[in-house]
Every structure is written in structure tokens, then in C-alpha cells.
Amino acid sequence: MGKIKVGFGFDVHQLKENHPFVLGGVKLEHYAGAYGHSDADVLLHAICDALLGAANLRDIGFHFSNKDDRWKGISSLILLQHVVALIKEKGFVIGNIDAMVCLEAPKINPHIPAMKTYIAEAAGIGEEDISIKATTNEQMGFIGREEGVVAYAVCLIERE
Ligand SMILES: Nc1ccn([C@@H]2O[C@H](COP(=O)(O)O)[C@@H](O)[C@H]2O)c(=O)n1
Ligand SMILES: C[C@@]1(CO)OP(=O)(O)OP(=O)(O)OC[C@H]1O
């Protein structure tokens, strides 16, 4: 069993008109937002799954069922805090996180510093260990039609 573990996470949520859009803990001003059982923060969900995967702790739906009212509308920053506590219990600390958001609009570049601040606080790591990137889908497919938003994340964790 190695000291350093890699994890990968993916998430997707529908975009619905006149719905709040929370991404990386930041409330985006947009005509539509991500729809889900929690606040549907697709970026934080991908990060949670990457961390859980690295620690071999199943996935976000296993720990936070979408049938459980405790998680209804919850801020995914709180879910991330829970996940970090779980991997700490298993003796791991986070090395770094690298994430990619696939979203046609709006541009998220101006919001990335605030997202890093929120994630760093929730995960208890430095902002220099968090990378967030974005791309459109060049107007193709469900992302291009602004029907949905996707995020991918990878992370490294290591034994304390
Ligand atoms: N929702 C998004 C999508 C993209 N960006 C930034 O724009 C750059 C160009 O995107 P393309 O998909 O046209 O290559 C991209 O590299 C990001 O820096 C963004 O901020 N928000
Ligand atoms: C976070 C949870 C729980 O509120 O709900 P959603 O916001 O729907 O998110 P998803 O990424 O589909 O899966 C995990 C869920 O169980």
C-alpha cells in the first residue's frame, strides 16, 4: 500500500432557468443554474469524489444520499468538510487538487480566486494547492446547448 494516492472525480448537473447557480461555493449571477438535491455545486461534488476515490471511501452518493432530507439544499462546502474529515480519519492529508469545469456560460475566470478561497477554507489546505480551470464545449452537445454543466477533478492525498 503506497503512501501517496491519486483520486479522480466527475459530476454533471442539469441547468434550469431561474435557478440559483452555485459553483465552487460562489453564487453566480446567471439566467440559469444547476439543479440537484443539494445546492448542486458540480465542482465541489467532483472534488469530493476525487478525494473519496483517493482514500478508497466509495463516492459522494454513498455518504450523502439524495433520498436523505439532511442534505436537501445543503451547501456543498459542508459536504466537502465532511469528506475531508473522513479522509483525515483514515490518516490522509490532501496534497493538491486540480479541477476542470466544462460550462458554456457564464465565464468563470473572474470567480476562480473566490472559489479557491472557499475551497481552501473548507478543505483546510492552501489556495496554492488548488487549481481550477474552465472550458466551454465549443457550442457542441448538452453543455454547448447550456443544458448542463460538468466538472472533473483529480487529487493527490498522502499518509500523514
Ligand atoms: N465557462 C467558462 C469557459 C471558459 N472560460 C475561460 O475561457 C477560456 C476559453 O475557453 P474556450 O472553451 O473557448 O477555449 C478558457 O481557457 C477559460 O480560461 C471561463 O472562464 N469560463
Ligand atoms: C449531493 C447529493 C446529496 O444531496 O445530491 P445532488 O445535489 O443531487 O448531487 P449528485 O452529484 O447528483 O450526488 C450526490 C448526492 O447524493
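A Cβ is built for glycine as well, from the same backbone N, Cα and C atoms used for every other residue.
So that you can see what the record holds, here are the features copied from TrEMBL:
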- Asp11, His13, His45: divalent metal cation binding site (BINDING)
- 11-13, 37-38, 59-61, 64-68, 135-138, Phe142, Arg145: 4-CDP-2-C-methyl-D-erythritol 2-phosphate binding site (BINDING)
- 4-157: domain '2-C-methyl-D-erythritol 2,4-cyclodiphosphate synthase' (DOMAIN)
- His37: site 'Transition state stabilizer' (SITE)
- Thr136: site 'Transition state stabilizer' (SITE)
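Of all the recorded positions given, namely His37, Ser65, Asp68, Thr136, Asn137, Arg145, none has its Cα within 10 Å of the Cα of Asp11 (divalent metal cation binding site). The divalent metal cation site is defined by Asp11, His13, His45, and by the 8 Å test on Cβ atoms against their centroid, the other residues of the chain that qualify are Val12, Ala34, Gly36, Ala40, Asp41, Val42, Leu43, Leu44, Ala46, Val149, Ala151. Using Ile60 (4-CDP-2-C-methyl-D-erythritol 2-phosphate binding site) as the reference Cα, a 10 A cut-off selects His45 from the recorded positions His13, His45, Thr136. DSSP assigns His13 (divalent metal cation binding site) to a strand in the three-state reduction.
Close to ligand 1, meaning a Cβ under 6 Å from one of its atoms, are these of the recorded positions His13, His37, His45, Ile60, Asp68, Thr136: Thr136.
Neighbour list (Asp68 (4-CDP-2-C-methyl-D-erythritol 2-phosphate binding site), Cβ cut-off 8 Å, at least 6 residues apart, same chain): empty. For ligand 2, the nearby binding-site residues are His45, Ile60; that is, of His13, His45, Ile60, these have a C-beta under 6 Å from one of its atoms. Arg145 (4-CDP-2-C-methyl-D-erythritol 2-phosphate binding site) falls outside any helix or strand according to DSSP and counts as coil. Geometry remark: His13 (divalent metal cation binding site) versus Asn137 (4-CDP-2-C-methyl-D-erythritol 2-phosphate binding site), CA distance 15 Å.
The most crowded of the binding-site residues listed here (His13, His37) is His13, judged by how many other CB atoms sit within 10 Å of its own CB. When the Cα atoms are compared, Arg145 (4-CDP-2-C-methyl-D-erythritol 2-phosphate binding site) and Thr136 (site 'Transition state stabilizer') turn out to be 11 Å apart. Of the listed binding-site residues, namely Ser65, Asn137, the sparsest Cβ surroundings within 10 Å are found at Ser65. Its own atom aside, the Cβ of Asp11 (divalent metal cation binding site) has 24 Cβ atoms within 10 angstroms in the protein chains shown. DSSP gives Ser65 (4-CDP-2-C-methyl-D-erythritol 2-phosphate binding site) a coil state; it is part of no helix or strand.
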